[in-house]
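Trainee: Here it is, the structure in full.
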Amino acid sequence: MDDDLDEWTVTTPTGTTQLEVFKTQIVGVLSVFLRNLIIATFFKNRYNKINAFLIDFVTLVVSFLLALTLLANHLDELLSFLALSSLTLILVQKFLRKENYVIYKPTEYLAYFRSAFLLGTVLAILAVDFRVFPRRFAKTESYGYSVMDIGTALFVFSHALSEYLGAQNPEKSKTPFLTIFGRPIPAFGVLFVLGVGRAIVIYLTGYHQEVTEYGVHWNFFITLCCLKIFSTFVPYPYTIPTGLVIGIGYQTALTNGLQRWLLRRSRYRYGLLDENREGIYSLFGYIFLFSLAQLLARGLSVFNGVLRPNKRSVLLIFLTSAALYGLQLQSIIKFGQPSRRLANFPYIFSTTSIITFTLGCFQVIQLLGNEKFSKEAPETEATTSAQVQEIPIEDEATLGNEVSIETNGVTEEDEKLKTVETPVPSLLDAVSKNGLLFFLIANLATGFVNLTISTPQYLDVPLQITILSVYALAISEWIYLYNSGILFKCREKKVEKVA
C-alpha cells in the first residue's frame, strides 16, 4: 500500500488523445443546451431559486463530474444520452407547441462558455487527487494532450475576449479594480497577493504541488497577474501584433535550444529563474494565445458577432477552428508534439482549435434561442437589445466589472429581439459573473480536503464520488447564494444602462 502511494502522481507521462479532450468539452456544450431546453419545457412558469439551482447543478455539474470519473471510459454514451435527451425535449416542445425562448442577454454565449469551463476546471482540480479520476486526464509531464492541460488556455482565451469587450467602451470597463465581496480592489494587487500567498501557504504546510506545472514558486495566479499587466500596458489593438511577434520569437527560441533547457531535470542551478522556468517562459506562449483570441474577436466584429452572434459569426468561428487545427498539424511536423510546460505552437494551436469550436457551439445555442424567441415570444415592454446590452465580463480572466455597451443603429431584427431578464439568478450566471471568487473558493476547498484526508488512500469508488459530490455541491451552493445576495447582503450589484 505504501509503495503504491509513493508511485501516486497527479500528472501523466503521455496523456490522452485530442479527440477525448474534445469530447469532454462537448459534454459542457450539450449540458448547457439540455439545461435550456429543460427550463423552457417544464419550468418556464415555475422557475424559482430552488429549481434554478437544481436544474443547473444536475445538468452541468453532475454531467461534468460523471465525464471526469465514472463515465470517463464511456464518453460516447454520455454524449449520446445528452444529445438524445435534448432531441426528445425538442420533439416534446413541437408536440405541445411550447414557446422556447431562453436567451436573456445578447452575449449569453460568453456566460455559457465561462461557466462551462470553470465548472469543469474546479471539479478536475480535486478529482485529480482521487483514483477514480483517470490518470490520462491529468496534466502531462512534458508532451501530449490531456483534459487538464487545456485549463489555463481556456482562462487566457476568455480573458482576451473580455478585454476586447472592455476595449469597446474603455470609460466604463477599463478599470484596474476587481469587485470582491462588494469592495473594489486593485486587480494587480489581488492576483499578486493570491499568487504569493499560495506559494507561502504551500511552503508552510508542505502541501504537495507538481513543480513541472509552473515551477517551485510560480503559479496560475501569477501568470494571470502578468497577463493583466500586459493587457493594461499594451492595450487593444496593439496586443495583437505585439503578442504575435512575441509568440513567433518565443517559438524560434524554443527551436534553437531553449526547449531543451526548459525540459531538463535539474532545477536549482540558476536560482529563481531556473526554479520557476516553466511559469516564466510559458507566459510568452500564453501572450501569443491571448493575441490569437483578440484577433478572432476583431474578425467577428466585422459581423458584429461578438456583441450579437449571427450565422456569419458562427461560420467564421468554425472556419477559424478548422484553420487552427490545420496549423496544429503543420506545427507538430515542424516543432514536435504539444507541450503544456512549454506552451509551444503545437500546444497553442491544439487548444485554441478546440476552444474556438466550443465557442462556436455556444453561439449556435444562443442563435437558435434568439431565432425561436423572435418568432414566438409575445410582445412585452422589455427593453430592446439595441437599447441596453448587459455584457458581464467580470471573472478571473476578465478582471473587470459589468459594463453596458451601446450599439449604433437599430435593425428590423433588433426590433424583434427583446431582452428577457432571468426571473431569478442561476448557477450558470453566478459562476460566470464571479469567476475569480469561485475559482479561489474551489482552490481553498481543494486544499482543505487534501490537508484533511489522504485522497489516494480512498479506494472505495462510491466514497470517492460522495466526497467529490459534496465538494461540488458546497462550492456551487456557496457561489449561488453569494450571487443571489443571500450571503453578504451588504453587497451591492450595479448594472449600468445606456439609453
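Just so it is clear, glycine is given a Cβ too, placed from its N, Cα and C backbone atoms.
Sequence annotations record features per position, and here TrEMBL assigns transmembrane segment to 26-43, 50-72, 109-128, 143-165, 185-204, 216-236, 283-307, 314-333, 345-365, 436-455, 461-481.
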Trainee: Near the transmembrane segment (461-481), which same-chain residues lie under 8 Å Cβ to Cβ, leaving out any that are not at least 6 residues past its ends?
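Mentor: Apart from its flanks, the transmembrane segment (461-481) reaches 53, 56-57, 61, 65, 69-70, 122-123, 126-127, 130-132, 425, 427, 430-431, 434, 437-438, 441-442, 445-446, 449, 453, 487.
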Trainee: Sequence gap of 6 or more, Cβ distance under 8 Å, 3 or more pairs: do the transmembrane segment (185-204) and the transmembrane segment (143-165) meet that?
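Mentor: Contact absent: fewer than 3 Cβ pairs fall under 8 Å.
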Trainee: Check for me, if you would, whether the transmembrane segment (283-307) reaches the transmembrane segment (50-72) - at least 3 Cβ pairs under 8 Å, residues 6 or more apart in sequence.
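Mentor: Taking Cβ pairs at least 6 residues apart, the transmembrane segment (50-72) and the transmembrane segment (283-307) are not in contact, as fewer than 3 fall under 8 Å.
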Trainee: Please figure out which one of 26-43, 50-72, 216-236 racks up the most CB pairs under 8 Å against the transmembrane segment (143-165).
Mentor: 216-236
Trainee: What else in the chain is close to the transmembrane segment (216-236), if you only count residues 6 or more beyond its ends and a Cβ gap under 8 Å?
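Mentor: For the transmembrane segment (216-236), the nonlocal Cβ contacts are 152, 155-156, 159-160, 163-164, 167, 174, 176, 187-188, 191-192, 194-196, 198-199, 242, 267, 272, 275-276, 278-280, 282-283, 286-287, 290, 294, 396-397, 399.
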Trainee: Restricting to the same chain and to residues at least six past its boundaries, which positions have a Cβ under 8 Å from a Cβ of the transmembrane segment (26-43)?
Mentor: 51, 55-56, 59-60, 63-64, 67, 75, 78-79, 82-83, 85-86, 89-90, 92-93, 96, 98-102, 112, 115-117, 119-120, 358, 361-362, 365, 369, 428
